[in-house]
Amino acid sequence: MTARIVSRVPASVRVLIALLAGLVGGYLAGPDAPVLPILQPIGGLWLDALRMPIIPLVFALIVTGIAGGAAEGGSTAVARRAIATFALFLSLSALFGVTLGSAMFGGWKVAGLEEVRAGAGTVPALPPTGEVLRQLLPANPIAAAAGGAIVSVVIFALFLALALRRIDPARAAAVTGVLRGLADALLVIIGWVLLLAPIGVFALAFDVAARSGLAVGTVLAWYVAARVIGGVVLLSAFVVLVAMTRRVRLGAFLRAAVPAQSVAFSTQSSLAALPAMLAGSARLGLDERQSGTVLPLAVALFRISAPTAISLAVLALARLNGIELGVAQLALVAVLAVVNNLVIAGLPNQISFFAAYAPVAIAVGVPVELLPLFLAVDTVPDMAATTANVTADLAVTTLLAERKVPELAERAV
C-alpha cells in the first residue's frame, strides 16, 4: 500500500522531499553525526553512476543531432532562416545568463560554506592560453574522453557530424544509427540511476548540511530566484519584440499565446504545448505550411531559456565552490551553453539537466558534486523557463512566417 502511494508521487516531488529531509536532517545531526561515514559513500557512488555516461552521451547526441536532425531541418528556405534566427537568439540568451549570473552571484558571501568548498577538492590552475588553445583539438579523442576533456570531445563531435553530412547518406546513416543506439542505451542507464535520485540527493544534502548548516539552502534560494527572473525577462523580451516588429497586433499575439503558455506552465513541456502553438499561429493568420515547419523546429532546437539556465547554474556552482571564473571561462560557458542546447533536444528534464549542465561545469573546472541539489529545486524555475520557451517559439514564428490571411489577426484584437 505504501509503495503504491509513493509511486503516485511525481518524481520531482520525491526528489524535493528528499532534499528537504537531507538538509534538515544534516543540520540537526551536525558534522559529527555517526551516520555520515555511511551516507557519504552512498551519495558519492550515486553521483559517480550519474556522471559515468555523460561524456559518451554528449558525443552521441551532438553527432546524431547535427548529422541527422539538422540536415533534415535545413531542406527549406524558411527552415534555414529559422535555424539562423535560433542561433542568434540562443547566443543572446547565453550572454544574458552569464551577465545575470555574474550580477547575482558575483558578490555572494554566504557564511558556512567553507567546509563545503574544502570537501569539493582543489581546482587545478589554468595553463597558459596558448596551451589551452592547442588542447582544444584533441590529438587523441579517446584519451580526451578518458581524461574528461569535454570541450575537446565536443569539438571532435562537431567535426565528425559536419563530415558525416558530406559523405554518402547511406554510409553516414550507418554511423548515426550506431550512435543513436548508443545514446538510447545511455539514456536508459541514466533513467535507472535517476530512479535512485531521492536516495542519492538525500545522502548528498545530508552531508552538505551537516558540514555547512543551512547555508546551502540560501544558495539554492538565490539560484531559484535567478532562474525565475531569467524566465520572466526572456518572456518579456519576446513580447516586446513582437510589439516592436508589428507583424501582428500585440493583443492578438498575447491571446494566441495564452493557451500554449498555460500548457507549458502546467506540464513543463514545450512538446506538449506544440498543438496549442500551431492553433495560435493559425489564429494569427500565419501561413500554415511555414508555421508548421518553424514551430516543430523551434520545439526541438529553440529552448531560449536553456542557455540562460545553464549559465546561471554553472556560475552558482562556481560561487558555491569559491571559484572565480575569468573572462575566457565565462565566454566558454556561453558558447557551450548554446551548443548544449542541441544536446538536450527531446530529452526528459531530469536527464537533460545533467546531460546539458554537467559538461559545461566540467569544461571550466567547476566541481559538479552539488549539481543534483540544483535539480531538486528545478520544478518552479522550469515552469517559468518552459513558459518563456513557448512564448519565444511563437514570437519567432510570427517573425519568420508569412501572414497568409492578415485580416484574421486584425479580427482577433
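The backbone N, Cα and C atoms fix where each Cβ goes, glycine too.
Among the features that TrEMBL reports, transmembrane segment is placed at 12-30, 50-71, 83-105, 142-164, 185-208, 220-244, 256-277, 297-318, 330-348, 354-377.
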Within-chain partners of the transmembrane segment (12-30) [C-beta distance under 8 Å, separation at least 6 from its ends]: 6, 36, 197-199, 201-211, 213-214, 216-217, 350, 373, 375-379
Best-contacting stretch, by C-beta pairs under 8 Å, relative to the transmembrane segment (297-318) and drawn from 50-71, 220-244, 256-277: 220-244
Any contact, the transmembrane segment (220-244) to the transmembrane segment (50-71), with at least 3 Cβ pairs under 8 A: no
Same-chain residues at least 6 beyond the ends of the transmembrane segment (50-71) whose Cβ lies under 8 Å from its Cβ atoms: 83, 145, 148, 150, 153-154, 156-158, 160-162, 164-165, 172, 175-176, 179-180, 182-183, 186-187, 189-190, 193-194, 200, 300, 339-340, 342-343, 345, 354-355, 358-359, 368, 372
Intrachain neighbours beyond the transmembrane segment (142-164), with Cβ under 8 angstroms and 6 or more residues off its ends: 55-56, 58-59, 62-67, 135-136, 172, 175-176, 332, 336, 339, 359, 362-363
